[in-house]
Amino acid sequence: MGAGERAAGGGGAQDPGAGCGSRALSALCLLLSVGSAAACLLLGAQAAALHGRVAALEQERELLRHAGPSGALAAWAETHLERLLREKLDGVAKLRTVREAPSECICPPGPPGRRGKPGRRGDPGPPGQSGRDGYPGPLGLDGKPGLPGPKGEKGTPGDFGPRGAQGQDGVAGPPGPPGPPGARGPPGDTGKDGPRGAQGPAGPRGEPGQDGEMGPKGPPGPKGEPGIPGKKGDDGMANQPGLPGPPGPKGEPGDVGPRGENGVDGIPGLKGEPGHPGVDGATGPRGAPGLKGEQGDTVVIDYDGRILDALKGPPGPQGAPGPPGIPGAKGELGLPGAPGIDGEKGPKGPKGDPGEPGPAGPKGETGEMGLSGLPGADGPKGEKGESASDHLQESLAQIIVEPGPPGPPGPPGPMGLQGIQGPKGLDGAKGEKGTSGERGPHGLPGPVGPPGLIGLPGTKGEKGRPGEPGLDGFPGPRGEKGDRSERGEKGERGVPGRKGVKGQKGEPGPPGLDQPCPVGPDGLPVPGCWHK
């Protein structure tokens, strides 16, 4: 076998695969060609149909254009009328003249059917003929007033009239408002003393005063009853000597002694009765009349009912403190004041009066020698003795050597100095409560103190009330009558007023005419026609 034959055998083995691929490709191309041809035919048919419809529409439009509007309207109306007539005939009840039934039916005729529904409303009919003219109506109402005319020209001024008679004085005008405050006038004369003021309230309780000086010794008291002998007290400590005793009776004038010390001031005497009031002084001379004030304004201002406040001027500056006044007269006895606050505890008072003698106790044992008793009462005046030094020595010798019987208790001496507190004694029986003493007289008024320092400026006071209206001033002189003024221009026409209230209904008019009256050129009946 040669090489050519092998090549031919190899080519025959590969042909079946290549043939299948070419056949599939050819079939696909054929399907696409058939689809495209069908689509072209479908589009051509649709385009032909659309073209025919457009041609028909154009032809119909041309026919309508050539037929004109009246023919088209008549054709449209004819079709609608036929349709409406057909609907109307269908709604009308149909009467059967001959019974439409087969010959073999022997049934009686049935009842007539019910009435049908009303048909549609028909088209409006043609307008009727115009009637004859009516009778003329009654007279109309008055027309509205016309617009105001233009302003007239200015008239010529009239002649001056005769001079009028002198008029009477007019009524005095109302009081004018208060004028400005005038200058401060000279100080007036001293006025009369005013009436005595009412009793003032009781003043506050004064502070306790300083201890006064020792007063003079009082008169000797009555002889006291002998007291109960007390227990022996402890020996006291040496203290300052006591105050001198009361002076004895006046003796014979002795030799001129040295000058004594100044005496103690006495207790102030009682307040004297108030004096009679003095006689009123004579009235001073009348001052010169002031200058005539200016004419006040006649405008009345109410000031909200506070005229007194309106007349008051603004408060002036604070004045300097005045000189101290004269001490006033003593007032009447005031009412007893309220009980004051309890004061501080005072110093220990003097020893009280001796109590009543108790029952006699058993005789005690002889005690030791007691203290020397108080000096006895003054004896009768003796004769003029010898010199004071010798008499004093003999008196002392008698007292020491020959002790006499104890004399009656003398008057209580002045309070001694504060001694050392002794042991606490036994409480005595409680005495009865004494009656309250009478109220002492009021002391004399003290001297007037020096004027105090100027106080701080006070706060601004409230607004004063308006003052009362002043008295009517004297009417001024009547002025001369002025010249007659020229006639003023004519005023403009006023604005028309509002529409008035509707009037009552008028009475019925006369009966109308049986036949028409001729009408004049103004549209109204000829005068005299309706009187016939």
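Including glycine, each Cβ sits where the backbone N, Cα and C put it.
For reference, Swiss-Prot has these:
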type	residues	note
TOPO_DOM	1-23	topological domain 'Cytoplasmic'
TRANSMEM	24-45	transmembrane segment
TOPO_DOM	46-532	topological domain 'Extracellular'
REGION	102-296	region 'Disordered'
DOMAIN	108-166	domain 'Collagen-like 1'
COMPBIAS	129-145	compositional bias 'Low complexity'
DOMAIN	173-232	domain 'Collagen-like 2'
COMPBIAS	174-184	compositional bias 'Pro residues'
COMPBIAS	196-207	compositional bias 'Low complexity'
DOMAIN	240-298	domain 'Collagen-like 3'
REGION	308-532	region 'Disordered'
COMPBIAS	314-326	compositional bias 'Pro residues'
COMPBIAS	342-354	compositional bias 'Basic and acidic residues'
COMPBIAS	380-393	compositional bias 'Basic and acidic residues'
COMPBIAS	403-414	compositional bias 'Pro residues'
DOMAIN	404-452	domain 'Collagen-like 5'
COMPBIAS	427-441	compositional bias 'Basic and acidic residues'
COMPBIAS	478-495	compositional bias 'Basic and acidic residues'
Same-chain residue ranges lying at least 6 outside the compositional bias 'Basic and acidic residues' (478-495) that approach it to Cβ under 8 Å: 148-149, 151-152, 154-155, 157-158, 160-161, 163-164, 166-167, 169
Tally of residues which DSSP labels helix, strand or coil - the domain 'Collagen-like 1' (108-166): 0 helix, 0 strand, 59 coil
Helix-strand-coil residue split for the compositional bias 'Basic and acidic residues' (478-495), DSSP-based: 0 helix, 0 strand, 18 coil
Per-residue pLDDT averaged over the domain 'Collagen-like 1' (108-166), given as an integer: 76
Residue distribution over DSSP helix, strand and coil in the compositional bias 'Low complexity' (196-207): 0 helix, 0 strand, 12 coil
The compositional bias 'Pro residues' (314-326) - residue tally per DSSP class, helix then strand then coil: 0 helix, 0 strand, 13 coil
Secondary structure composition of the compositional bias 'Pro residues' (174-184) [DSSP: H/G/I, E/B, coil]: 0 helix, 0 strand, 11 coil
